[in-house]
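Q: The following feature annotations were taken from Swiss-Prot:
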BINDING   Cys63, Cys66, Cys69, Cys112  [4Fe-4S] cluster 1 binding site
BINDING   Cys73, Cys102, Cys105, Cys108  [4Fe-4S] cluster 2 binding site
DOMAIN    53-83  domain '4Fe-4S ferredoxin-type 1'
DOMAIN    93-122  domain '4Fe-4S ferredoxin-type 2'
Amino acid sequence: MALLDRTARSFLLTEIVSGMALTLKYFFKPKATINYPYEKNPISPRFKGEHALRRYANGEERCIACKLCEAVCPALAITIEAEPRADGSRRTTRYDIDMTKCIYCGLCEEACPVDAIVEGPNLEFATETREELMYNKDRLLANGDRWEPEIARRLELDAPYR
């Protein structure tokens, strides 16, 4: 009897027919993918993207050179140098992040007492050379200036969980 069943299945091509039926079933369903450059998925308020240094409303940079972010970084991607100012406060003279080392864990953002370093909403920061992935203070401040409204909104949404 098994020989007869096997012969009937191979003669009637039931496996091929069932495979084609499955293909036709999914062919007419809505697609699960998106057309990426033109369509984008919504991004979570907790998304960790490109780093940015923030400023206060008066234009002064927030970073107080406490170096907590440098100390907590597991990848050792952050380098900070600071000098005291005339008014007695400290400010950074050098703030570098090696984005090739960064693992986007967000520990630097959590450690910062003044919310100076944040991981912004930008996920499209591909470069052509490795040198472009070495972010200095000016580039980080420019990122902060560019994304400040979005960063402030996301920090406000995330405030109950911090």
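For all residues, glycine too, the Cβ spot is worked out from N, Cα and C.
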Q: Hey, of Cys63, Cys66, Cys69, which of those binding-site residues are within 10 Å of Cys108 ([4Fe-4S] cluster 2 binding site), Cα to Cα?
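A: Passing the 10 Å Cα cut: Cys69.
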Q: Under an 8 Å Cβ to Cβ limit, what residues of the same chain, 6 or more beyond the ends of the domain '4Fe-4S ferredoxin-type 1' (53-83), are close to it?
A: 89-99, 101-103, 105, 107-118, 137, 140-141, 143-145, 148, 151
Q: Determine, for the [4Fe-4S] cluster 1 site, the additional residues of the same chain whose CB lies within 8 Å of the mean position of the CB atoms of Cys63, Cys66, Cys69, Cys112; present them in sequence order.
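A: Along the chain, the qualifying residues are Ile64, Ala65, Lys67, Leu68, Glu70, Ile80, Cys108, Ala111, Pro113, Val114, Ala116, Ile117.
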Q: Can you grab the distance from Cys73 ([4Fe-4S] cluster 2 binding site) over to Cys63 ([4Fe-4S] cluster 1 binding site)? Cα atoms, rounded to a whole Å.
A: 16
Q: Could you tell me which of these binding-site residues, Cys102, Cys105, has the fewest other Cβ atoms within 10 Å of its Cβ?
A: Cys105
Q: Using the Cβ centroid of Cys73, Cys102, Cys105, Cys108 as the reference point for the [4Fe-4S] cluster 2 site, which residues of the same chain not in that list have Cβ within 8 Å?
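A: Close Cβ neighbours, site residues excluded: Cys69, Val72, Pro74, Ala75, Ala77, Ile78, Ile103, Tyr104, Gly106, Leu107.
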Q: Which of these binding-site residues has the least crowded Cβ, counting other Cβ atoms within 10 Å: Cys63, Cys66, Cys69?
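A: It is Cys66 that, of the binding-site residues Cys63, Cys66, Cys69, has the fewest other Cβ atoms within 10 Å.
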Q: How big is the Cα-to-Cα gap, in Å, between Cys105 ([4Fe-4S] cluster 2 binding site) and Cys69 ([4Fe-4S] cluster 1 binding site)?
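A: About 12 Å separates the two Cα atoms.
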Q: Just to verify a number: CA distance, Cys63 ([4Fe-4S] cluster 1 binding site) to Cys102 ([4Fe-4S] cluster 2 binding site), in angstrom, no decimals.
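A: Per the Cα atoms, Cys63 ([4Fe-4S] cluster 1 binding site) and Cys102 ([4Fe-4S] cluster 2 binding site) stand 19 Å apart.
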Q: Which ones in the same chain are close to Cys112 ([4Fe-4S] cluster 1 binding site), with CB under 8 Å and 6+ residues apart in sequence?
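A: Same-chain residues close to Cys112 ([4Fe-4S] cluster 1 binding site) (Cβ under 8 Å, separated by 6 or more) are Cys66, Leu68, Cys69, Val118.
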Q: For the binding-site residues Cys73, Cys108, which one has the sparsest Cβ surroundings, going by other Cβ atoms within 10 Å?
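A: Comparing Cβ neighbour counts within 10 Å for the binding-site residues Cys73, Cys108 gives Cys73.
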Q: Residue counts in helix (H, G, I), strand (E, B) and coil for the domain '4Fe-4S ferredoxin-type 1' (53-83), per DSSP?
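A: The domain '4Fe-4S ferredoxin-type 1' (53-83) comes out at 5 helix, 9 strand, 17 coil.
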